[in-house]
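Lifted from Swiss-Prot, the feature list:
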type     : residues : note
ACT_SITE : K85      : active site, charge relay system
ACT_SITE : S160     : active site, charge relay system
ACT_SITE : S184     : active site, acyl-ester intermediate
Amino acid sequence: MIGSLHEIIRLDASTLAAKIVAKELSSVEITQACLDQIEATDDTYRAFLHVAAEKALSAAAAVDKAVAAGGQLSSTLAGVPLALKDVFTTVDMPTTCGSKILQGWHSPYDATVTTRLRAAGIPILGKTNMDEFAMGSSTENSAYGPTRNPWNVDRVPGGSGGGSAAALAAFQAPLAIGSDTGGSIRQPAALTATVGVKPTYGTVSRYGLVACASSLDQGGPCARTVLDTALLHAVIAGHDARDSTSVEAAVPDIVGAAKAGESGDLHGVRVGVVRQLRGEGYQSGVLASFQAAVEQLIALGATVSEVDCPHFDYALAAYYLILPSEVSSNLARFDAMRYGLRVGDDGSRSAEEVIALTRAAGFGPEVKRRIMIGAYALSAGYYDSYYSQAQKVRTLIARDLDKAYRSVDVLVSPATPTTAFSLGEKADDPLAMYLFDLCTLPLNLAGHCGMSVPSGLSSDDDLPVGLQIMAPALADDRLYRVGAAYEAARGPLPSAI
């Protein structure tokens, strides 16, 4: 009989869901075990910004009541608790986006992702820490302090969604939701030995996802196994009329693909290794782990060839013009007049002065930096030289990928150039921080889908390494087939704690 905290929190989500249905464990027991783990460990890891214990237990009790009555559960994951990145709006919890300017703010509506989680009977444990407004690669830019990596508390968990990844690695939650603007799901997953997926742009609603860069942002699932990630992906995916960027195409059978992949047969699958995403600047242990993963894919029956994506060399420059440009526009709404922080409103100052004081006090250094870069790139006289050119490069990157997929089914690369770096190591060097997104951001520019799946520990420092699997738009099922096959062949890995 499974019942101890140590045993419960280490079970994967699909196992927990089966035990709820079989009445071997209750959702309340599972949720309480996660809450106990959060209480015991989060002073160290700081994965959560807000914990909603009573609300989570109430949602869990509703699932248990349905099980006891013999009724049909609302989803395969009903009763399995989840950690939600604090960039998705929630009516019953604060939504801060890791920023002082939204401290204590409650949204008047739930994000579509939040609504779908609730409808699926998934208890929400709370909101997880993140880089302010999803701007960062380490979760050090949170106004509420950094999250620490459970594998080594002196290292970062990645960003911007380091809180969700750390919660999974620390066994505080079996499921999590993140958002990915340039790698903010996949990169933390790689650094914490968890699984993270950036779905095809437009297939998971952005309604209620507080915008960083609207053409790049995409919500997605995180878990500790590929199958669990697929099950969660299926819950949140689908068209939403309230999101103008939502696509109406049918969601592929990602759960079926994950289950098929567990057989370990990749015969007929063509895999491309991106030449531009390895080599100089990559940690030797990361490259060794990547090469071993490629050899494992070959052993499973896949054919592997090298693929050239020449415009990837310009992806970083294009991304860091497009993203700040959209940031400068999106964050103009935080003006002290409509919601959030208001500073200096004592009747003696003009509206312009109040806005300036509020934004100066409410935004952190990285957010201010990107607003300034974006405003410059969009200004008269520079638009054609910078922003317009970056959009042309974006088109060329998408064409590189389209050409690649004529000869292969998926692409692979390391998910990050190195393992987790030390807290504070890149804090004063924005360019070094930006370079850490090198492997992941091309997919956001193209709107394609990608997954990071653990590929072992680096021989350099015994820290996790992630294998990135990429597929064309609306071919998310390919990620799950290849990812599940690789995961099954790779075998179990040690845990962080």
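Just so it is clear, glycine is given a Cβ too, placed from its N, Cα and C backbone atoms.
Considering only the active-site residues S160, S184, the Cβ with the fewest other Cβ atoms within 10 Å is that of S160.
Here the Cβ of K85 (active site, charge relay system) has 31 other Cβ atoms within 10 Å, regardless of which shown protein chain they belong to. For the pair S184 (active site, acyl-ester intermediate) and S160 (active site, charge relay system), the C-alpha distance works out to 5 angstrom. Annotation note: K85 (active site, charge relay system) sits in a strand segment as assigned by DSSP.
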